[in-house]
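I grabbed these lines from TrEMBL:
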- 1-41: region 'Disordered' (REGION)
- 22-40: compositional bias 'Gly residues' (COMPBIAS)
Amino acid sequence: DVSSPKHGKVDPDNMPHVGGNTWAGGTGGRDTAGLGGKGGPYRLDAGHRVYQVSQAEKDAVPEEVKRAAREMGEKAFKRRLKEIQMSEYDASTYERFSGAVRRQVQSLRIILDNLQ
């Protein structure tokens with residue numbers, strides 16, 4: 001069961017963590033920042049293969065946990081914007097322009113990676 005969202009512990013060795021309720025950047029777990037899990041406050045990619053919990057499990061997260069996770073994610077987003085000296089308006093403008101060329105940038109990255 002999910003209880004309350006949190007960032008989670010950071011693994012200094014960046015080992016892959018699947019499931020559980022401990023590690024930041026893990027996959028398929030609960031309550032912590034990561035990918036493919038449920039109840040975490042925000043997405044955090046540590047570069048590992050993603051294990052996804054079912055949509056039914058995600059839908060079963062209590063509304064108060066979802067609300068707490070959204071609030072924690074919003075606070076983290078605003079804190080990060082402040083760190084990089086960017087306003088919310090700047091972030092939305094950046095996202096609008098970035099989104100318009102996202103596919104082309106991804107294609108170019110693939111081409112450059114293959115050339116290397």
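The backbone N, Cα and C atoms fix where each Cβ goes, and this holds for glycine too.
So that I understand the layout, could you describe where these features sit and how close they are to other parts?
Taking DSSP states H, G and I as helix and E and B as strand, the region 'Disordered' (1-41) has 0 helix, 11 strand, 30 coil.
Sequence-distant neighbours of the compositional bias 'Gly residues' (22-40) (same chain, 6+ residues past either end, Cβ-Cβ under 8 Å): 1-11, 14, 16, 46, 48-53, 57-58, 60-61, 65-66, 69.
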